[in-house]
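See structure below.
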Amino acid sequence: MFTGSIVALVTPMDEKGNVSRSCLKKLIDYHVANGTSAIVSVGTTGESATLSHDEHGDVVMMTLELADGRIPVIAGTGANATAEAISLTQRFNDSGIVGCLTVTPYYNRPTQEGLFQHFKAIAEHTDLPQILYNVPSRTGCDMLPETVGRLAEIKNIIAIKEATGNLTRVHQIKELVSDDFILLSGDDASALDFMQLGGHGVISVTANVAAREMADMCKLAAEGQFAEARAINQRLMPLHNKLFVEPNPIPVKWACKALGLVATDTLRLPMTPITDHGRDIVKAALQHAGLL
């Protein structure tokens with residue numbers, strides 16, 4: 001469940017900005033039908049920053065309910081205050097959630113020792129498997145391989161989503177962790193190379209609109225069929241890149257709407273709808289991938 005193509009799911013909203021239960025069900029059904037390994041609910045792509053704490057928990061639990069055991073659900077529970085991250089994570093103890101994705105603290109930029117103590121404290125307050133999340137381009141904080149190696153010794157810290165796009169990190173981390181520690185790419189454009197170097201899968205934005213393609217690519221990579229996997233990846237490469245032509249999740253929400261997966265591409269401020277220029281770029285990438 002923690003390998004292959006794991007989707008960083010968008011949070012669908014109606015025109016008033018309320019979470020749409022019907023569209024959420026449609027998205028989940030789409031991923032069940034198309035081979036996605038698991039869903040991350042309310043991560044960055046799911047607009048965790050603009051949901052209230054109550055909404056955050058409610059969306060995760062709604063996702064779990066609508067998934068109905070058909071696909072594993074991972075909860076995004078990161079925060080830049082350790083006590084808040086613990087509280088968010090503990091909400092899902094004994095809920096049926098299979099694990100939590102916890103991002104490095106953002107804005108306050110802790111030291112490596114601060115990062116270690118932060119994730120250690122979360123792990124001590126839950127039995128849920130924990131996936132570390134390193135995305136310095138968003139957080140301003142880079143968790144180094146040595147810190148990952150220390151954290152990997154804690155029993156319920158079982159994986160990392162490594163989103164630097166720096167492929168040398170695969171080698172560096174693998175040298176410091178046990179063979180059963182899971183390495184997940186957080187960068188769609190380099191995910192196949194990441195897997196070829198020993199990674200186990202990807203937590204994907206692209207999978208929101210190309211679920212079958214991403215699932216097939218990851219399956220082929222796991223089987224060592226990299227030529228076949230690369231053929232899929234080449235079709236998707238413009239999409240991997242152009243889904244970030246404007247800040248995530250602006251482009252991917254519009255793409256979901258363009259494919260009829262959601263009714264609107266509504267976001268909450270300070271996120272604003274995609275520009276005409278951005279829309280044209282994403283549309284061309286969808287067409288290149290054979291999705292539109």
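Using the three backbone atoms N, Cα and C, a Cβ is placed for every residue, glycine included.
The active site, proton donor/acceptor annotation in Swiss-Prot covers Y133. When Cβ atoms from all protein chains are considered, those within 10 Å of Y133 (active site, proton donor/acceptor) total 26, not counting its own.
In the three-state DSSP reading, K161 (active site, schiff-base intermediate with substrate) counts as strand. If you look up Swiss-Prot, you'll see K161 marked as active site, schiff-base intermediate with substrate, on the strength of sequence analysis.
Sequence-distant contacts (6 or more apart, same chain, Cβ under 8 Å) of I203 (pyruvate binding site) comprise I6, V7, A8, V40, G43, L101, K161, L184, S185, G186. According to Swiss-Prot, the feature pyruvate binding site maps to T45, I203.
T44 (site 'Part of a proton relay during catalysis') falls outside any helix or strand according to DSSP and counts as coil. Other Cβ atoms within 10 Å of the Cβ of T44 (site 'Part of a proton relay during catalysis') number 24 in total over all chains. Residues or ranges marked as site 'Part of a proton relay during catalysis' in Swiss-Prot: T44 (among others).
The site 'Part of a proton relay during catalysis' annotation in Swiss-Prot covers Y107 (among others) and rests on sequence analysis. The local packing around Y107 (site 'Part of a proton relay during catalysis'), expressed as other Cβ atoms within 10 Å of its Cβ over all shown chains, amounts to 8.
Taking only the Cα positions, the spacing between T45 (pyruvate binding site) and Y133 (active site, proton donor/acceptor) is 13 angstrom.
Y133 (active site, proton donor/acceptor) sits 15 Å from Y107 (site 'Part of a proton relay during catalysis'), taking the CA atoms of both as reference points.
Neighbours of T45 (pyruvate binding site), defined as other CB atoms within 10 A of its CB across all chains, total 23. Y107 (site 'Part of a proton relay during catalysis') sits 15 Å from T44 (site 'Part of a proton relay during catalysis'), counting Cα to Cα.
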